[in-house]
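**Q** I grabbed these lines from Swiss-Prot:
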type	residues	note
TRANSMEM	19-39	transmembrane segment
TRANSMEM	59-79	transmembrane segment
TRANSMEM	90-110	transmembrane segment
TRANSMEM	120-140	transmembrane segment
TRANSMEM	181-201	transmembrane segment
TRANSMEM	212-232	transmembrane segment
TRANSMEM	245-265	transmembrane segment
Amino acid sequence: MALPLAFLFTSPGPVLVEIGPITIRWYGLLIATAVLIGVSLSQYLAKRRQVNPDLLSDLSIWLVIGAIPAARIYYVLFQWSEYAQHPERIIAIWQGGIAIHGAIIGGTLAALIFAKLKRVPFWQLADLVAPSLILGQAIGRWGNFFNSEAFGRPTNLPWKLYIPIERRPPDLVSFEYFHPTFLYESIWDLMVFALLITLFFRSLAGKPRLKVGTLFMVYLATYSLGRLWIEGLRTDSLMLGPLRIAQVVSLTGIALGLAGLAWLYVRKRPLPDVVPSAKDTGE
């Protein structure tokens, strides 16, 4: 007898293994995996564009330093009523509770500072990193599965997700199965990744040659579009009064992405795209 698909969507728990005082959590492992794969991919894309891959290695350190604390701060700010009562939990990032929009904001600011200090074009770096960002998001979303968090409304669809009673919202405690919104977003992110990689290699072959900044703008608009819909299904959205913060930010991301694309293709002078190669830097 075939097992129901819901059985496959039952989290084994947030902890992968405990070795003495050391606890390895799925969430941390997935974030580390996403970073490693993202750095490797961005270096590969840099080589294809004849850009020094070491530049992307250096940038990745800045992105992690900028993105992860910003993601946590963003989350804590919009859950301040809870963390004000338990301030010791503010730094407990291993328990979950980071916001991707905070990571995007923090990472972008870090990349801008990096580009300024290194005197390299920000937009070409952004294009090289965009596919890695969305792939990392697709991987990292599975941390929500293991933590039994960021799920959607109750559902009886075949791919429903079982949520333990202690993780259910108080007003939905009688329901067992919920929309696996982590899965929806992970699949959407993989689709955006496929689009960006296709555009990258077609541009590399000149079919057509994209303007610098295009990939990042496409990333911003398409990711935000998917998040706008998926956020509407969730039961634990960060709120500001009656507004779902992620939907407001997603609408802003769609507008900025589309406006950015229009700006890139209307302006007559293209953005600079000269980044030193390994040969130029002697590395």
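Cβ atoms here come from the backbone N, Cα and C positions, even for glycine.
So where do these features actually land, and what's packed around them?
**A** Tertiary neighbourhood of the transmembrane segment (181-201): same-chain residues 9, 45, 48, 127, 130-131, 134-135, 137-139, 141-142, 144-145, 150-152, 159, 161, 210, 214-215, 218-219, 222-223, 226-227, 230, 233-234, selected by CB-CB distance under 8 Å and a gap of 6+ residues from either end.
Using a Cβ-Cβ cut-off under 8 Å and counting only residues 6 or more beyond its ends in the same chain, the transmembrane segment (212-232) has close neighbours at 100, 121, 123-124, 126-127, 129-131, 133-134, 137, 152, 181, 184-185, 188-189, 191-192, 195-196, 199-200, 203, 244, 246-247, 249-254, 256-258, 260-261, 264, 270-273.
Outside the transmembrane segment (245-265) by six or more residues, the chain places 78, 99, 101, 211-214, 216-225, 227-228, 231-232, 237-239, 271 with a CB less than 8 A from a CB of the stretch.
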**Q** Which stretch, 59-79, 90-110, 120-140, tops the Cβ pairs under 8 Å count with the transmembrane segment (19-39)?
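**A** Comparing 59-79, 90-110, 120-140 against the transmembrane segment (19-39), the winner is 120-140.
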**Q** Grab the same-chain neighbours of the transmembrane segment (59-79) for me: Cβ-Cβ under 8 Å, and only residues 6 or more beyond its ends, written as numbers and ranges.
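**A** Distal contacts: 31, 35, 38-39, 42, 90-91, 93, 97-111, 113-114, 125, 129, 238-240, 245.
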**Q** Other than its close neighbours in sequence, what residues sit by the transmembrane segment (120-140), given a CB gap under 8 Å and a spacing of at least six beyond its ends?
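**A** The answer is 30-31, 33-35, 37-39, 41-42, 45-46, 49, 51, 55-56, 59, 63, 100, 104, 107-108, 111-112, 114, 185-187, 189-190, 192-193, 196-197, 200, 212-216, 218-219, 223, 271-276.
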